[in-house]
C-alpha cells in the first residue's frame, strides 16, 4: 500500500514538473514572439502606419468613452434635442476632430457634459504634436542600437560629422596622410562608441526637456486663465450662465490652444470673450509656443539647459540638429528665420484685416480701439493653425478668407531659408540611401495641393444634391474652405445660415457648429479621412516631385 502511495506521489510530482516546464516554455515563447513582433513593427513598419494606427485607436476609444457618458441634461421643453439625439457619427467625428486637433465641429460644444469635456481634453492632449513627438523621442532613444564602425555605411559616417557651430579657420590646421594613419582601429572604435553614447544621452535629455516644456507651459497657462477669470466678473459670469465649471474650462482651453486644436467649451467659441483683451493676450503665446514657434523656443530651452546643466548634451543637440532626426529641432539659422517668417505673416494678416474688416460688426459691438486691435491680432494668429475665432467668418470679406486659406494651407514651420550649396550637398548625401529604397513610392506620391483638389472634388460629388438645392450655402468656395481647414487641422468654418436658403425651411434652426454639421453622413466620413490625412501630412511635405510642369 505504501509503495502504491509513493508511486502516486511520484507521478503527481512528475506531472507538476511537466506542467511547470510547459507553462514556462509557453511564456518564454510568447515573450520571444512578442519581442520579435515589436522589433518587426518598430524596424519594418513605417512611422506613417504607426501614427495612423495610433490616431485611429485613440479616436475609437474616445468615441466609445464619449458614448458611454451622458451629455448635459435635456430640458423637457427642448423638443429639438428630444427629437434629435446625438448621432454616433457626430460623436465619432468629434472624437477624431479632437484627436487630430482639427476642431471641426458637427455638434454644439455646450451639449457635452463636464465628464465628456474632460475626455475631449485628454484626446486633444495626447493627440497634440508636441506630445506625440515626445513619445516618438522616447521610443527612438530606447531603440537606439550601437553599430560597429566597420558595419557603418558611408551615409552614417558622413552624418556623424559635426557641422560647425562657430566659424573655424580651416587653414590653421593641416592634416597629413601620415598623421591620419596614426589613428588605430581601437582609437576609432573608442571614438565611435563615445559618439554613440553622447547621442543616446542627448536624445533622452531632449525627450525629458520636451516633457518639461509641455507641462511648464500648461501649468503656467492654466494658472493665468484661472487668475484672470477670478478677477474678471464678466468673463466668469459667462461660464456660470452656461453651466461650465471654471477649472474644467481653464484646463480645456489651455490644452486646446497649446495643441493647436481650437475647441472651446462655449458654443460661440471665443466670440463671447471678444472684449476680454487680457484673456486673448494670455492665449496668444500659448498658440505660438505650441505651434509655429515651438522649434525656436525648444532650441532656446536647450541653450538655457546648457547654461546650468547637461552642458555636453545641450552642446551636442545644438550642433547636430539634423543627425538627431527630431522634426521640431531645427538648425540655429532656420530657427531665427522661422521667427521672422511667423511674425511677418502675422503682420501681413493684421494689416489686411484692419484695412478690410475694421468695421466688421463682430468686432464693432462696443469695442474700443485697443480691444479691436487685440481681437484682430488674436484672429490672425489663429489662422496658423489653431482655429479659435472671435468673429463669424461668414461675415468676413472673401478676399480676407482667401488670405486665411493661404495661411491654413502653409505648414506650421514654413519659413524663408536661403538655400546654400553646402546644405544641398549634405541633404543629398544623408538622403541618398533612403531615396533609392523608396524611389517607387515617392514617384507615385501626390502633392498636398493634389490631395486638397481630390478631396474637394469627392465631397462636391457627394453633396451634389445639396449644392443644387441650397447653392448659397453649399458652394464650391465654402466646401473648399472647409476641406482646407480640416486638412490644415485648423478648424475655421464659414458655418451654415438658414437665411441663405433659396427654399425657406421652417424647421431650419441656426446652430453654433461648423458647415460640416449640415453635410450628409457620407460627406462627414470623407472629412474624417481628410482630418487623418491632414494630421499626417508631415510625411508628405515633399510629395509630387515626380510631376514636372514644363
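Cβ from N, Cα, C; glycine included.
TrEMBL has this to say about the protein:
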TRANSMEM  12-33  transmembrane segment
TRANSMEM  45-69  transmembrane segment
TRANSMEM  119-146  transmembrane segment
TRANSMEM  205-229  transmembrane segment
TRANSMEM  249-266  transmembrane segment
TRANSMEM  278-298  transmembrane segment
TRANSMEM  337-356  transmembrane segment
TRANSMEM  390-410  transmembrane segment
TRANSMEM  444-462  transmembrane segment
- Message: So if I exclude everything within five residues of the ends of the transmembrane segment (119-146), which remaining residues of that chain have a CB under 8 angstroms from its CBs? That is, six or more out.
- Response: 42, 47, 51, 54-55, 58-59, 62, 65-66, 69, 94-95, 98-101, 112, 193, 196, 199-200, 203-204, 206-207, 210-211, 213-214, 248, 251-252, 255-256, 258-261, 263, 290-291, 294, 325-328, 535
- Note on the structure: Ranked by Cβ pairs within a distance under 8 Å of the transmembrane segment (337-356), the first of 12-33, 45-69, 205-229, 249-266, 278-298 is 278-298
- Long-range environment of the transmembrane segment (444-462) - Cβ separation under 8 angstroms, sequence gap at least 6: 409, 476, 479-480, 483-484, 487, 519-520, 522-523, 526-527, 529-530, 533, 537, 540-541, 543-544, 546-547
